[in-house]
Amino acid sequence: MIVLRSRSPRRKYVLESLDLDFRIEPEDIDESSLKNEHPLEYLKRICLSKLGTRSKDEFLISCDTIVVQENSILQKPKNFLEAVEMLERLSGKTHKVASGLGIYYKGLERFAFEFSQVHFRSWNHKQIREYVEKYSPFDKAGSYGVQDKEGPVRSFDGSYTNILGFPIRTFFQYHEFWKKYLKGN
């Protein structure tokens, strides 16, 4: 059985849509960034840390998603004001989303990631506040969800599931590790 080290309902949804046999056992870690830490170094450190306690008999996966604008990491907002500030910073601009995948299987540890580009609508302060009030994006990097119908995303280049928080193309590269966990096998 696959062990997903995440509480994200979006990651759970992606694995369910693949019809995989898995259970959820999140690992609580400190997700603070280190001083002068490059976004991809941060992503790798967090993904591998989330793998947590390891047993050779388990197939563990962890993910983390970051929004990167002007080489700065935008994580999950801590409160309403921070969510509004992030969205104002992103409004009318293009930024990158990186989702990382940590894998532990039979003593092997792997890390890989995907980048996507997201193009935001130009929103005024009122539109941003209304969005935050309606969607409460406090569990999402960058303070938004690509899946939100009335959200700030105008368009994107790359993988929808990557922006959602699960780098599915990268996950498929490791299919030899997880294909035996497909339901019905």
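Quick reminder: no glycine exception, Cβ is built from N, Cα and C everywhere.
The site 'Important for substrate specificity' annotation in Swiss-Prot covers ARG10, THR65, GLN147 and rests on sequence analysis. If you look up Swiss-Prot, you'll see ASP64 marked as active site, proton acceptor.
Shown here: features listed in Swiss-Prot, placed on the structure.
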residue	record	contacts (Cβ under 8 Å, 6+ apart)
ARG10	site 'Important for substrate specificity'	GLY145, GLN147, LEU164, GLY165, PHE166
ASP64	active site, proton acceptor	GLU31, LEU43, ILE46, CYS47, LYS50, SER99, GLY100
THR65	site 'Important for substrate specificity'	VAL97, ALA98, SER99, GLY100, ALA141, ASN162, ILE163, GLY165
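When secondary structure is read from DSSP and collapsed to three states, the residue listed as 'active site, proton acceptor' falls in the strand class.
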